[in-house]
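Sequence annotations record features per position, and here Swiss-Prot assigns FAD binding site to 11-14, Lys33, 40-47, Asp203, Glu352, 368-369. As annotated by Swiss-Prot, site 'Important in orienting the L-aspartate substrate' applies to Glu111. Marked as active site, proton donor/acceptor by Swiss-Prot: Arg270.
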Amino acid sequence: MIKERVIIVGSGISGCTAALRLMQDYDVTIITKGYKEESNSMLAQGGVAAAVSKNDTPKKHFSDTFQAGCFHNKVLAVNQLVTHGPMVIQKLIAEGMAFDEQDGELALGLEGAHQLPRILHTGGDQTGKFLTTFLQEKLTDIHWQEQKMAIEIIKQNDSAIGVHCLDKENRLHTYYGEHIILASGGLGQLFPVTTNAATISGDGLALAYRAGAKLTDMEFIQFHPTLLFLNGRCHGLISEAVRGEGAKLIRADGSAIMTDVHPRADLAPRDIVAATLFAEIQDGNEVFLDITAIPNFEKRFPGITANLDAHHIPFRETKRIPVHPGAHFLMGGIRTDLSGKTNIPGLYAIGEVANAGVHGANRLASNSLLETLVFGEKVAEYIRTQKINPIDHPEIPLSNQIQTPHLPDKQLLQEKIWETLGITRKPEKITEFLHWLTDFDYANHTRKTAEISHMLITAKLIAESALKRTESLGAHRILKGVIK
């Protein structure tokens, strides 16, 4: 019997979860732009938020998620996240996933805007790496297509039936399937300062848009408050869990920054902390994390410690880490239902590239990994309810190409996006930026031109959404508006 084919674009936790739940009965292929180890999931430090402790409940997790999201979240999506979260965690543990423990119980960390500790972690601050590796090692019966950049979703009779890709030598490869799942992550590389992997440049968002998928809430981009900052450049994330363990944000003179800003001070929602730090930096102040209150810092955060040592940060002596906000996570994305379905038959989206309404205007810390797990399970459950007979498709060529495209320099584009669509925004600047974008073409005959084109399309979608939302909300901060 010929198996139905599932094509998954993206090698992170959401795509790997879906693949794991489908591989026994489906012909599953994972396509990834780089190597399978290169994803935002591998970089995730903090952990997975889930109501698994005796003192916690899904209702409390629901409340924290909604408040952090400025009540812009969708009720059913958040309810699915927080109620299925504990079950997904127990399933993983039963399958052999080992989360950190303390005194025989799960060790739970505290992060911003959570009312109590509920963050499961492993390897201290290397949860994403350990969890992604755990899932990938279980994928014993799938096809991996590494170093293949997806450049076009193939449609027939208004349904998605495949993906065109380019390899490192810009040779075209085509993969057909009855189910196409986008799990390609967000858009961090649109910005010059980001926590994201080098491969994350809005590809899936642009592909979906060009295919006719609906995208929503694109103006809501979370900027993480604390990236390691040195000599004008950022060198990786300093997890929010560091503040959860007691670190404080301070100025060079040692004065506290967040004390009078929000009742939760250093553990306020990320949009508030990032905007506050950005204002400090705009005023000419350097910003640091004071880790004096964490005596076991090196043991609790081995990954961060290694990164600090690699960049010769004298944190053991100074108890300070220089930090700066940077692009971290897209709350919006491809509109989906609770099963990951888009408005295009045969096309699904899960993880950061998708927007089921879980995060609202600002994501609650460590809800991202939970989302990847829950929605990876849900899309697999739905696909299992569908019966589609596999058919051979006639070879469908790549859409018409512009032979001599006019595209901007990537660094210039990143700088303009940061100036226009960064932590604070001005409507007149956004209008100018949209006009500037009209000078350029779309092209995808090489990986380089395809990536810049995807960045242009994604930036345009963000700018248009930002201009439509005339008042500030969550991570979207229009300077003339009132921040809610």
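The backbone N, Cα and C atoms fix where each Cβ goes, glycine too.
Annotated features taken from Swiss-Prot, shown on the structure.
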| residue | record | DSSP (3 states) |
| --- | --- | --- |
| Ser11 | FAD binding site | coil |
| Ser41 | FAD binding site | helix |
| Gly47 | FAD binding site | coil |
| Glu111 | site 'Important in orienting the L-aspartate substrate' | coil |
| Arg270 | active site, proton donor/acceptor | helix |
| Ser368 | FAD binding site | helix |
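Across the structure, Ser41 (FAD binding site) and Glu111 (site 'Important in orienting the L-aspartate substrate') place their CA atoms 18 angstrom apart.
A distance of 26 Å separates the Cα atom of Ser11 (FAD binding site) from that of Glu111 (site 'Important in orienting the L-aspartate substrate').
Shown are the recorded positions Ser14, Ala44, Gly47, Arg270; the one with the most C-beta atoms within 10 angstroms of its own C-beta is Ser14.
Between the candidate recorded positions, Ser11, Glu111, Ser368, the densest Cβ environment within 10 Å is the one around Ser11. If you draw a 10 Å sphere around the CB of Ser41 (FAD binding site), it holds 30 other CB atoms from the protein chains shown. Here the C-alpha separation of Ser368 (FAD binding site) and Glu111 (site 'Important in orienting the L-aspartate substrate') works out to 13 Å. When the alpha carbons of Glu111 (site 'Important in orienting the L-aspartate substrate') and Arg270 (active site, proton donor/acceptor) are compared, the span between them is 10 angstrom.
Cα-Cα distance from Gly47 (FAD binding site) to Arg270 (active site, proton donor/acceptor): 16 Å (rounded to the nearest whole number). Between Ala44 (FAD binding site) and Arg270 (active site, proton donor/acceptor), the C-alpha separation comes to 16 Å. Reported as a whole number, the C-alpha separation between Ser14 (FAD binding site) and Arg270 (active site, proton donor/acceptor) equals 23 Å.
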